[in-house]
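Report on the following structure.
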Amino acid sequence: MVSRTGLLTLRNNAGMVVTLMDWGATLLSARIPLSDGSVREALLGCASPECYQDQAAFLGASIGRYANRIANSRYTFDGETVTLSPSQGVNQLHGGPEGFDKRRWQIVNQNDRQVLFALSSDDGDQGFPGNLGATVQYRLTDDNRISITYRATVDKPCPVNMTNHVYFNLDGEQSDVRNHKLQILADEYLPVDEGGIPHDGLNLSPERLLISAAPKSSPVSSADDDQRKVKGYDHAFLLQAKGDGKKVAAHVWSADEKLQLKVYTTAPALQFYSGNFLGGTPSRGTEPYADWQGLALESEFLPDSPNHLNGRNRTASCVLAKSIPA
């Protein structure tokens with residue numbers, strides 16, 4: 001139900017409980033009953049809704065207009081250069097300094113199984129062209145699936161790349177997610193520099209298809225230059241599913257293997273972030289999160305795609321065309 005603070009709760013017949021809020025259309029919590037009778041929290045989160053406005057990790061938030069990075073906060077489309085609002089050095093990250101994660105979304109409708117949020121973004125918002133209308137629906141099913149559906153309309157062509165920035169820790173505590181096992185069903189990944197910006201093309205990566213836990217004493221593979229640059233994983237993987245939402249994109253196992261997560265997406269890529277800079281982020285407990293205590297799997301277009309629209313990334317265009325009224 002909706003409270004005065006904008007909190008909502010979804011429940012299913014299996015006993016799973018999901019909590020959301022209207023600020024950032026944020027996924028706050030997912031509590032899942034296990035076979036041994038216990039209940040495990042699968043998501044990172046803060047102690048109160050107010051704390052979410054004091055953290056920079058985008059915990060559980062809806063990201064837009066454009067998730068991930070756009071190099072030098074600009075791109076060119078149809079011969080015109082568009083200048084955006086920077087939010088990470090000279091680059092724009094996750095839609096700008098006042099992205100969709102920092103807005104109060106309207107609750108359009110809701111019941112115990114689903115909620116629909118809506119947001120309007122004016123022409124020039126964070127530098128992006130055109131007026132945009134966005135919605136996100138969260139739906140909880142009886143097989144413990146959280147379905148997240150983003151939709152947008154624009155009145156001018158604009159790059160649109162919305163995603164959810166939820167962090168998982170399937171061990172249910174402030175523990176190191178490098179003890180998880182992760183499989184990403186992808187053949188290629190996109191290397192980036194220290195600022196998270198790609199400069200070359202996709203790399204073949206059969207050794208990355210199964211990513212297992214690294215010892216805590218060795219948080220970053222010194223032999224892997226791509227990991228060294230960003231202190232772990234913060235890379236986009238081009239999926240084998242190629243936008244087929246019925247095929248598994250990623251599979252995650254908790255350290256004790258009592259809880260598993262499967263990810264499905266219609267997006268062409270998953271950004272795997274291993275929580276390399278989570279340190280200091282407010283938690284539900286008395287101590288803040290440390291680095292590598294949560295992992296994100298963000299379904300999206302490849303980073304900086306607006307600057308590579310001529311096929312380097314071999315994915316569908318990230319530019320949403322002007323909507324034509326029926």
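Cβ coordinates are placed from backbone N, Cα and C, and glycine is handled just like the others.
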Same beta-D-galactose site as Asn68, Arg69, His165, Val166, Tyr167 according to TrEMBL: which of Asp226, Asp234, Asp244? Asp234
Long-range same-chain neighbours of Tyr167 (beta-D-galactose binding site), Cβ under 8 Å, sequence gap at least 6? Leu43, Leu44, Ala57, Leu59, Gly60, Gly275, Leu278, Gly294, Leu295, Ala296
Between Val166 (beta-D-galactose binding site) and Glu298 (active site, proton acceptor), how far is it from one CA atom to the other, in Å? 8
Please report the DSSP secondary structure of Glu298 (active site, proton acceptor), reduced to three states. strand
Looking only at Asn68, Arg69, His165, Val166, Tyr167, Asp234, which the record lists for beta-D-galactose, tell me the maximum pairwise CA distance in angstrom. 18
